[in-house]
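Chemist: Please see the structure below; I have some questions.
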Amino acid sequence: MDVNPTLLFLKVPAQNAISTTFPYTGDPPYSHGTGTGYTMDTVNRTHQYSEQGKWTTNTETGAPQLNPIDGPLPEDNEPSGYAQTDCVLEAMAFLEKSHPGIFENSCLETMEIVQQTRVDKLTQGRQTYDWTLNRNQPAATALANTIEVFRSNGLTANESGRLIDFLKDVMESMNKGEMEITTHFQRKRRVRDNMTKKMVTQRTIGKKKQRLNKRSYLIRALTLNTMTKDAERGKLKRRAIATPGMQIRGFVYFVETLARSICEKLEQSGLPVGGNEKKAKLANVVRKMMTNSQDTELSFTITGDNTKWNENQNPRMFLAMITYITRKQPEWFRNVLSIAPIMFSNKMARLGKGYMFESKSMKLRTQIPAEMLASIDLKYFNESTRKKIEKIRPLLIDGTASLSPGMMMGMFNMLSTVLGVSILNLGQKRYTKTTYWWDGLQSSDDFALIVNAPNHEGIQAGVDRFYRTCKLVGINMSKKKSYINRTGTFEFTSFFYRYGFVANFSMELPSFGVSGINESADMSIGVTVIKNNMINNDLGPATAQMALQLFIKDYRYTYRCHRGDTQIQTRRSFELKKLWEQTRSKAGLLVSDGGPNLYNIRNLHIPEVCLKWELMDEDYQGRLCNPLNPFVSHKEIESVNNAVVMPAHGPAKSMEYDAVATTHSWVPKRNRSILNTSQRGILEDEQMYQKCCNLFEKFFPSSSYRRPVGISSMVEAMVSRARIDARIDFESGRIKKEEFAEIMKICSTIE
C-alpha cells in the first residue's frame, strides 16, 4: 500500500505541519577523515572571543594560558567570554534568596552520593581518551588500564572500589615524579607464506614499558581527546566534541551530580528531565506568565539562541560558582568539587589524527600526525589551513593545544544550566524594580525568555536588560538568531509550543523502520516504536495503521521473507514456500518465516511469538523455541531488552522492548579482522573483563544483587556467597552431602 504524502496534509492546521520542514528524513551526514581542522577551529575561536584577557604560563606544564575573567566590559554586540566574577556570585546569591536552602540541600544530597558511588560508575559512557595508549578506548577498558597503571605505580586507594578513593589516587598520581606505563606497539615483518609462497606482511603486537616524567604525565592527565560530532542534521559544517580521560571524568561526575540536584529544584530548568515531564514543567512556566499578564500587560516570548555557548563559558567561573554554592560545607567536599573546574582551566585539547596528504602524480599517501604541526613547513597546506596552524602554533605542546578558556561540548551541561537559570531568576519584579519583568526556560545552551510589560517600550527595555545581564556572565544571546513573538508561540529544545505543545512527529521519523539487529528484535522494536508514538506523539490511528503496513513491507524486504503464497522470488523464497506448504496452521508462522501479519494497532504490545503461539503447529513450536537447536548461538535473554533508537535530535535514546527468545534471536559473530590488528590485546582484555563481570552476576543475580559492602574483593564476595547458597541448598535437601563437601573444598582452595 503506497501512500501519496500530500493526502496527509489536506486537513492539517499549519502549526502541525511545521515539523515536516525539519531536515529529519533520510540519513544524517557523517564525518569522514580527520577532526584536526575542526578542533583547531574550536581552539582558535575560543581564544579569539577572550583575546583581551591576560596571558600566563602554567608553571608545571609550560603551557601558555589565556584568562579572560574580569576582562573588559563589552562595548559592542560581538560575542565575548569576559565574565565578571562579582556578577556571577551575585546572581548565585539572588538564586539562593529566591530558593532558600536550595544549595545546602543539594550539597547534602551530593555528599551522600559521593560517599556511596563506586568506581564502576566510570565504566558507563562510550569513547574515553585512554592516556596510557594515547587514543580513544571504550570506557571500561580505559578505566581498567588506568587502575592497572596506578597499581603498578604503588597507588592502591582504589582497591575498595569507591570512586572517591580512585580520585585520591588521581590526585596523588599528579604529585609523583614519574609514572611507568605499558604501551602497545606494532611490529611489521615481511615473511613468505608457506601455502601460497607469496610475500605477506605479518603484524605482531608488542607491549613495552615507558616512563613519563611529571610534565608529560600532567599533560596527558589534562588532555581531552577530540572527535567530530556525527549525525548532526541541519548544519553545513561539522564540529568537534571532546572525550575526556579517566582522570577528569570522576571529578566532572560529582560536579554534575551537584548541579543536577540543583536543576531538579529549579522550575525554569529544562534538565535533567525529558519527554512529557519536561513539557509539563515548561507549560507551567508559560501558564504562570500568561495568567499574571492581566489585561493591562503585554507578554512576549523570545525563542532564544546563544552564540558559541561553550566557547564563552569559563571553567574559572564554574570554580567561583562551586566555591559559593559549597561555602558552608566541609573542606574535603569543597576540595573534591573544585578540582574539575581547576583541571578544565588547565586543559589541553588533543588535535586528533592530523592531516592526510596525497600526491596524485606519485600515487603516494602520507599522514602528518598532529605532533608535527608545530614544526612542519606550511607551504604544503592551503590558505585556510595555513592560517589555522599559524594561529595555534604558540599553544602547541606535544601535539596538544593549550586551551584554558571555554568548555568543550557537553562537559558541564547541568552547571551551565544553573548559571543560565540564575539570570532568568533576576527577572522577578522585586529584583528589576521597574514595570517590566521576565521569566523563562533554560536547558544547557538553549533558552526561551518570556517578558511581560505594560507596553512595547517596556518589553524592549526588559529584553535589553536581560541581554546586558547575560553579557556580564559570559552568555551571548544572538540577536540574529533569536526571534520574538506574542507569548503562546515559541520553540524550545525542538518542542514547538502553540497554546500547548504541538507534537513534533518528524523528530521521531528516523527511528521508524528496520533496525537490523535480528529478525526477532527488529519486529519487536518496530511495533514498539509505533506504539510509543501513538502514546507520546499524537500518531493517529489511521497513520499508525499505515506506518505498521509500511513497516511490515520494509521488514519483509529486509529479511526476504515474503508470504509463503507470494509470487516474489528471492534467495529464501524456495525454503519459505516449502515451509508454507507443509504447515497446517499457516496463521501461526512468524512473519520472518513467511507467515501473515497479525498485528494491528490494538495488539502492538504483544510480542509476535505470544500473539501466534496458540495458532502454531506443534512441531513448529518445538523448532522455534528450542534452546538446544544447534543452529542458534543464544544470548541469555531477559524478558525486556534495550534497543538504541535514533531520534532526529539529541543523543541516541535507549528504548525497552519485549524480548522472547526464539531461534530468530541470533547474535551475529564478531568481525574476525580485528584479531590481526593492534586492537587484539585490547579485545582480549575486554573479553576477560566481560567474563569476570558475567561470573560475578551469576553469583549475585540482579534480584538479590546488593553490591558487597566493605572492602571485600570480588573473589571473596563470590566465595562467601557460594558458601551461603550451598548451605541453604544442603539444608533444604536440594544437594547431597558429598556435593556440599566438594563445594566447601573448592571454596577453601580458592581462598
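Here the Cβ of each residue, glycine as well, is placed from N, Cα and C on the backbone.
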Chemist: Pick from 249-256, 641-648, 689-696: which range does Swiss-Prot record as region 'Promoter-binding site'?
Modeler: 249-256
Chemist: In Swiss-Prot, which of 25-53, 54-82 is tagged region 'Disordered'?
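Modeler: In Swiss-Prot, the region 'Disordered' feature sits at 54-82.
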Chemist: Summarise the compositional bias 'Polar residues' (54-64) as counts of helix, strand and coil residues per DSSP.
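Modeler: So the counts come to 0 helix, 5 strand, 6 coil.
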Chemist: Could you give me three numbers for the motif 'Nuclear localization signal' (187-195), the DSSP helix, strand and coil residue counts?
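Modeler: Counting residues per DSSP class in the motif 'Nuclear localization signal' (187-195), I get 0 helix, 6 strand, 3 coil.
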Chemist: Summarise the model's confidence over the domain 'RdRp catalytic' (286-483) as a mean pLDDT value.
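Modeler: Averaged over the domain 'RdRp catalytic' (286-483), per-residue pLDDT gives 94.
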Chemist: In the same chain, which residue numbers or ranges, 6 or more beyond the ends of the region 'Promoter-binding site' (249-256), come under 8 angstroms Cβ to Cβ?
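Modeler: Hits for the region 'Promoter-binding site' (249-256): 110, 113-114, 117, 119, 121-122, 125, 128, 163, 166-167, 170, 318, 322, 336-337, 339-341, 343, 411-415.
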Chemist: Could you give me three numbers for the region 'Promoter-binding site' (249-256), the DSSP helix, strand and coil residue counts?
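Modeler: For the region 'Promoter-binding site' (249-256), the helix, strand and coil counts are 8 helix, 0 strand, 0 coil.
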